[in-house]
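Noted in TrEMBL for the protein shown:
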type	residues	note
ACT_SITE	HIS90	active site, proton donor/acceptor
ACT_SITE	CYS151	active site, acyl-thioester intermediate
SIGNAL	1-22	signal peptide
Amino acid sequence: MRRCLVILVAIATVLVSAPAGARPVGGDEHARTAMVSRLWIPASGVNAGILPVGVTRSGQLAVGTSVRDVYRWRDGVLPGQSGSAVLAGHTWSKGRGVFDRLGGLEPGDRVHVGTSRFEVTRVRRVRDLSRRAVAALFSDEGRPRLVLITCGDRNNRTGVYRTRIIVNAKLLPRR
């Protein structure tokens, strides 16, 4: 789990520095947090709290250690706003990580964040992401979309997770 956390933090480092023109989203933090306090993914059994996190002094996302919660950059795009709202969660070799079953999602599956509904459009496992590809994941431009990220394919000998599982989802209209 610790190595997965390090990998997520490394990916998040690009989140903080890569998107050109990225800017914190303003507004009352309490209201922002209330809008996105829970993540529910019926197809994978996820029903978890979403915790806003900041960055460390070195500019890395300060992802928490809880394997049951989901983390979002508190100054980033919120689910439902223009651009990519990115949520990171842990997978854990002992089987209790919030995103253990993330790779099993399929296009068409529903994802709920607060009152916003999303539909999965793509699920992929990647070994390496260029800075440009990571920057695109965290873009604050374009249509509202959701990106879920975790580690995958753990090497049991070394404890290193070899891939990232990335799920993309589009915002659905309000009912």
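Cβ coordinates are placed from backbone N, Cα and C, and glycine is handled just like the others.
Just so you know, TrEMBL annotations are computer predictions that nobody has curated.
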TODO: List the Cα distance (Å, whole number) between the residue listed as 'active site, acyl-thioester intermediate' and the residue listed as 'active site, proton donor/acceptor'.
DONE: 7
- [ ] Let me know how many other Cβ atoms fall within 10 Å of the Cβ of CYS151 (active site, acyl-thioester intermediate).
- [x] 27
Open item on the list: Applying a 10 Å Cβ distance cut-off over all chains shown, what neighbour count does the residue listed as 'active site, proton donor/acceptor' have?
Closed with: 25
